[in-house]
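Visitor: Copying in the features that TrEMBL gives for the protein in this structure:
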type     : residues  : note
REGION   : A:1-27    : region 'Disordered'
TRANSMEM : A:37-56   : transmembrane segment
TRANSMEM : A:62-82   : transmembrane segment
TRANSMEM : A:91-109  : transmembrane segment
TRANSMEM : A:311-334 : transmembrane segment
DOMAIN   : A:311-529 : domain 'ABC transmembrane type-1'
TRANSMEM : A:346-366 : transmembrane segment
TRANSMEM : A:396-418 : transmembrane segment
TRANSMEM : A:438-462 : transmembrane segment
TRANSMEM : A:508-530 : transmembrane segment
């Protein structure tokens, strides 16, 4: 997408022997009006300012790769807009940059994530996992002192380094604990309440309750190293000496529990610590797992059965939606598309009204109309169907909603297509004595299909991933009692969403693998479909 | 055809009209009823002073604007609505612009990588942005650290994100329209000394304004209806779009808030319904040539 090969065409506007400037703030003909020069300088100036703005945080974080990319992109932009030669690139670059940043990179990231076990419990490095396990297993050292705690700092109350001012209630001795260790304070330097809580100390600023509360997360993570372990704050007024029960031992590459003696050995292929029975600690780390996320779908008994069920329903849902909306839309279009019939316009503009309504809120309205106790549908029909309680009822309900939402669109496009079929074709058929239905079947319908096939394929592809259509109406439910992750109306994209953002702990790696599956399926269906309608060959 | 119809109508009895048109009107009315009853239901629920789902009927027993005052008084709806308009209008207009520019290059120039570019756009189109939702979320979590102004919980971040999908969705469609504009037009302008930007802004763009309007409108509606990414990205009450905010209103207490929710739904529908009626003629044309609304 760089150089134009149509330089000859470009040259038509320049006189013979006219030398085109290679660079400069001028147009293709070498001259430029002041106004456009100003605009160009302004636009590039804004680009430079934005680049500068973007550079500061990168420099602060020492993110040199990011900075390198930023500089390269900015240089590329300046080159493209200052050089008179790369004309197509001037028009392509804005969209392409966005496309790369927010579509291509995420897609590549998704695919690479699909080969990892990334997710809750597998986020960071092994070292981070070890730290987390040790911190989580801290228990009070038996027989150790519980100190009275005041939070203080040596600097500014908002951001200064934290200090724990501690009083031993047994001996009334005072200490200052920092990240470096514990130091006893001379008795005269401290003023404390009768219960031992230090109010003032020389060289330290004691935080007020409000100031301390604002830094509670920092305080919770703060610890003062001691011989037996470390001093940890318990709330804002007590501190105890604790030691981790579970510690990492490099020799066996394992985690050992001091009390029970159990060990969990690191499994590098799985990113977790597991004992002899295969029981894993909840905290693991992120590793590549190869194709496991993909093969799990086939080999893991539990995942396979629910995945296949979902896949099947996904096809039924997308195909069924296209079929019923097309059928009803076509029926209404044929019925109303009759020359001489009055009120066609009125019918049309009212029938397509749902198409103009915001779909998201109308999906929610439908969900509530299906509500068992309060819903309009049960009240009006006198039924007491628990619409989202049983799989068949829920499936009928979501399809019905899609019919309402989608048939208007099909009605519109069918009407358009019907009107574009030349009248003499159908007339010829009727003169030949063909019955109307026969003429429709043999002449009109095939022509319609040819015209509308690409739309039907797009509609299928859209509905295959119709997240809102499921998530907002049935929520994917009802769920079988043994599997809260895969419901009867779940399609793959709602399943993916639940895996990644549902309450049960994020499984980004597996969710990404399901995304890749969806992509492969939709791409296959679309390519086959478009091949058939020959849209692909129209690249000219 | 029309002439024979006239004869039939004048010559035959009422039964003839019924057989000819009566059943058609019956089907039309049924379709109308099916299309309109949920809309009627929302409108009357929004006017229903009791404001609960169980008391909402097709025809409200009593009408008041209480739900609307509650909507603006007790929820951040006005904020959500403004966010929706900002995100919708900006991302529709900007997407339109970047994809029109790209379509211009593809339609008017022959350059290295053109064919590959077009085919890869088709491919990209098959991998909708929201499929990469996990990666997008993780990337934007990173961006939030670096640049809070365009990170999670901001309208700007979402607009940038939607712009990423612009080329994939609209370029092919627009290239098709640009191809139908005769090349002679720009050739002769070029002979007169017009630069490429004068051709693009002065000749091509004005000729496709109706198409731009329709694709822009559909883009706007798609953005208003975008739920998946918006619900993951916008969790602060003040950053939400109307769709995400209204969803939050009735995800907890469905029965009690239904009236207020309906009032919000009605207000949210007004801009799109009005534009739709206004642009109906063009929309039908735009749809048949391949635009798909979400």
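From the backbone N, Cα and C atoms, a Cβ is placed for every residue, glycine too.
Show me how these features fit into the shown structure, please.
Guide: Counting only same-chain residues 6+ beyond the ends of the transmembrane segment (A:37-56), those with a CB under 8 A from a CB of the stretch are 25-26, 67, 70-71, 73-74, 77-78, 81-82.
Beyond its flanks by at least six residues, the transmembrane segment (A:62-82) meets 23-25, 40, 43-44, 47-48, 51, 54-55, 89-90, 93, 97 of its own chain at Cβ-Cβ distances under 8 Å.
Counting same-chain residues at least six beyond the ends of the transmembrane segment (A:91-109), those with a Cβ under 8 angstroms from any Cβ of the stretch are 1, 73, 76-77, 80.
Through the fold, the transmembrane segment (A:311-334) approaches residues 351, 395, 398-399, 402-403, 406-415, 418, 440, 448, 452, 456, 459-461, 463-464, 466, 469-470, 488-492, 521 of its own chain, all at least 6 residues removed from its boundaries and within a Cβ separation under 8 Å.
Listed by sequence, the residues of this chain that lie at least six past the ends of the transmembrane segment (A:438-462) yet keep a Cβ under 8 A from its Cβ atoms are 318-319, 321-322, 325-326, 330, 334, 406, 409, 413-414, 417-418, 420-421, 425-426, 429-430, 522, 525-526, 529-530, 532-533, 535.
Remote same-chain partners of the transmembrane segment (A:508-530), defined as residues 6 or more beyond its termini with a Cβ less than 8 Å from a stretch Cβ, comprise 110-111, 113-119, 122, 289, 293-294, 296-297, 311, 453-454, 457, 460-461, 464-465, 492-493, 495-497, 499-500, 536.
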